[in-house]
Amino acid sequence: AASFPASAGKLSEYLHQHPSFDTVAGLSLSDADLQANVPHVGPLTFPIHVATLSFNATSTHSLAALASSFFSSEISRASNGSASLSMSTHDLPQTKRETAQVDAFVSVFASIMILIPFAFVGASFVTPLVAERESGSKQLQFVAGVNSAVYWLANWLWDSAMYALVLLCTMAVFLMMHREEFTGSAENTLGTFLVLAGFGLAALPLSSAASFMFHSPSTALIVMIALHFLSGFGLIITNFILMSIDSTQAANDSLQAVYMLFPAYNLGKGFFVLSTRSAFATLGVSSADLFDFSDLIRGNSLAGPLVFLVAEAAVFVVLTLLLQQAEALNASFGHCVPRRSRTKP
């Protein structure tokens, strides 16, 4: 027996010293030595007991379940078991801000997940190029008089037609699923289309240049999938984590130029920009122009990714033609060098 503060403290101390999963709650009553002063009524002339109820606050429904059990038992005892009480709890409806935060997380997560299938799409174009070279079909075409520039132009046109089908199917899925962040407006639809087209524009000549490094089509496919996955999905996650930590924000800003050298990262950044703009708009926060060219590297717009994708496409095209010329010179030099004839002793 103790006064109200002391009894509450003793109850808390007892529960701390005797933890048990079977103990759902604890109840203590103070001594009847307090004089209560009730609002609008005045002081009472009789002492009262103060009850202290301790329950597991980490369980959302523990207090409601405890109250339901207590009052149900009281009603059952008063009615000789003929009546009982049931209780249910319902969460409050989400506010607009909470709904926007959930939608923003889902949108950003979906934009990152898109990078996984496009890692396979971007890598798939290297397989026939390596197979043609290793089977001798490519050399046969050159011997028949096909110009190297014409050969690569034909490959890029065919691959572009195949990628266009993927692009159109992806846009159709966005429209059918009513993804507001990607196709909610004409500006967002145009931005999504340009980012996807820019990735294809850069990924096709990248596969062409990379095909000179491999002798096995399967090995080339696996390596290119890993490259697109790590440079896209991996760097986007890395950028998001470093951007969220105050001590690493400066280092992350300085690495943006390195990140954007990879086509898959520019694709991911484009989707990330579209997703975050939609979330900010829901929260009533204004964003920069979608095609703002003032800061291509650190700006939160599609201008940077699009410019880098076009520039990378041009670099990879030139690199492919240079590698083709080097391969042709190497083959010609190899034919010109006389081989030693082996004579039996």
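Just so you know, glycine gets a Cβ as well, placed from its N, Cα and C.
Database features (TrEMBL):
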- 51-322: domain 'ABC-2 type transporter transmembrane' (DOMAIN)
- 104-126: transmembrane segment (TRANSMEM)
- 160-178: transmembrane segment (TRANSMEM)
- 190-214: transmembrane segment (TRANSMEM)
- 220-245: transmembrane segment (TRANSMEM)
- 257-282: transmembrane segment (TRANSMEM)
- 302-323: transmembrane segment (TRANSMEM)
- Given the transmembrane segment (302-323), which of the listed stretches 104-126, 190-214, 220-245, 257-282 has the most Cβ pairs that are under 8 Å apart from it? 190-214
- Query: Sequence-remote contacts (6 or more beyond its ends) of the transmembrane segment (257-282), Cβ cut-off under 8 Å?
  - Reply: 96, 99-101, 103-104, 107-108, 110-112, 114-115, 118-119, 122, 180-182, 184, 188, 191-192, 195-196, 198-199, 202-203, 206, 227-229, 231-233, 235-236, 239-240, 290, 297, 300-302, 304-306, 308-309, 312
- Contacting positions for the transmembrane segment (104-126) when only residues 6+ beyond its ends and CB under 8 Å are counted: 159, 162-163, 166, 179, 181, 199-200, 203-204, 206-208, 210-211, 214, 217, 220-221, 224-225, 227-229, 232-233, 236-237, 263-264, 267-268, 271-272, 274-276, 278-279, 282-283
